[in-house]
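Asks: A single structure is presented below for examination.
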Amino acid sequence: MAEIIDGRAIARQLDETTKAEVDALVEAGHPAPGLTVILVGEDPASEVYVRRKIKACEKVGIKSTEHRLPADTSQDDLLALIDTLNKDSAVHGILCQVPLPDHIDTRLVLRSISPEKDVDGFHPVNVGRLSTGTGGIVPCTPLGVMMLIHSVIPDLTGKDVVVIGKSNIVGKPVANLLLDAEATVTVTHIYTHGLPEICRKADVIVAAAGAPELVKGHWVKDGAVLIDVGITRQETEDGKTKLVGDIKFDEVQHAAAVTPVPGGVGPMTIACLLANTVQAARAAMVGNSSSDSDYADAPSRTMFTGSGNNPN
Ligand SMILES: Nc1nc2c(c(=O)[nH]1)N[C@@H](CN(C=O)c1ccc(C(=O)N[C@@H](CCC(=O)O)C(=O)O)cc1)CN2
């Protein structure tokens, strides 16, 4: 029987560390860290995620501000808002919920957020730092994935890890983090030939293809660890909706451990956002924001990984 990796419990643990960091900053006379969340349009899933982010901020003492903009907001107006927030010293973290409406150039918007305030870790400066192992802000979902893996495999040295999915938000950054942890990483995607055979050799599979129930039981070797990043809403026969991951959960009981959907990677994404916000605030408050070691020794970063970025 595979162990279920409880993402909600691990996220709560991380939130406790984050709250302690917020308390320590405030006790030292600093203002509470401030996070600004921008939501453009009315995508129902994005509304859910933004609500959760705002509520989570309250729990750990982060001061959150929301900007809800209509779907027809112009790109220039959005860029002007971000420019104002970049200059506001009470704002330590800025995130723009994606997806954005089609008339807005997402890449341009994400790179307009100051790298120091980019708590999503999507800015090219942070992407470059991650891929060279030189600090920066790590994207929330990949950071959460690493913490979930480390909760069952503390040392990944030499482990064979297959990542399914090559997105900029999950697949590519998670591959970099796994390499930093000395794993042997194979990055694949839905067009990869022989995907079942490749997966069958893996000690760990990170499924992030956005393809519901792609990974079948016979793709998984006995004792593997499975991390399911996919979340697809499906309608059931009785007209209700259910969330489905990229792994066929019922067929993988021979794995050592598996993350559920919901309750696995999702809650970690939000907990890591809070941790990133505190790190950005701390860097702004103590200066030194361009140093390689800004985040490397932060408690929230080292809690499950043992260390920050490996420089080698
Ligand atoms: N600016 C960003 N936009 C998006 C990100 C991101 O990291 N930054 N990631 C995803 C959505 N996302 C965060 O924003 C996110 C997805 C899922 C969850 C979550 O808690 N999921 C729950 C289920 C929730 C449900 O009922 O739908 C779970 O898995 O248990 C949190 C955040 C895209 N956009």
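Note: Cβ is positioned from N, Cα and C throughout, glycine not excepted.
Pulled these features from TrEMBL for this protein:
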type     : residues                     : note
DOMAIN   : 5-120                        : domain 'Tetrahydrofolate dehydrogenase/cyclohydrolase catalytic'
DOMAIN   : 139-283                      : domain 'Tetrahydrofolate dehydrogenase/cyclohydrolase NAD(P)-binding'
BINDING  : G165, K166, S167, I190, I231 : NADP(+) binding site
REGION   : 288-312                      : region 'Disordered'
COMPBIAS : 289-300                      : compositional bias 'Low complexity'
COMPBIAS : 302-312                      : compositional bias 'Polar residues'
Asks: If you count, for each of the binding-site residues I190, I231, the other Cβ atoms lying within 10 Å of its Cβ, which residue has the minimum?
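Replies: Comparing Cβ neighbours within 10 Å for the binding-site residues I190, I231, I190 has the fewest.
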Asks: Enumerate same-chain residues with a sequence separation of six or more from G165 (NADP(+) binding site) and a Cβ-Cβ distance below 8 A; give 'none' if the list is empty.
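Replies: Listed in sequence order: G171, H189, V206, A207, A208, A209, G210, V229, D246.
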Asks: Cβ distance under 8 Å to K166 (NADP(+) binding site), same chain, sequence separation 6 or more: which residues?
Replies: K172, V187, H189
Asks: For the domain 'Tetrahydrofolate dehydrogenase/cyclohydrolase catalytic' (5-120), give the DSSP counts of helix residues, strand residues and coil residues.
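Replies: Result for the domain 'Tetrahydrofolate dehydrogenase/cyclohydrolase catalytic' (5-120), in helix, strand, coil order: 61 helix, 19 strand, 36 coil.
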Asks: When you measure from the Cβ of S167 (NADP(+) binding site), how many other Cβ atoms are you left with inside 10 Å?
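Replies: Neighbour count, Cβ to Cβ under the 10 Å cut-off: 15.
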Asks: List nothing but the largest Cα to Cα distance in Å, as a whole number, among the residues G165, K166, S167, I190, I231 that the record says bind NADP(+).
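Replies: Among the residues the record ties to NADP(+), max Cα distance equals 16 Å.
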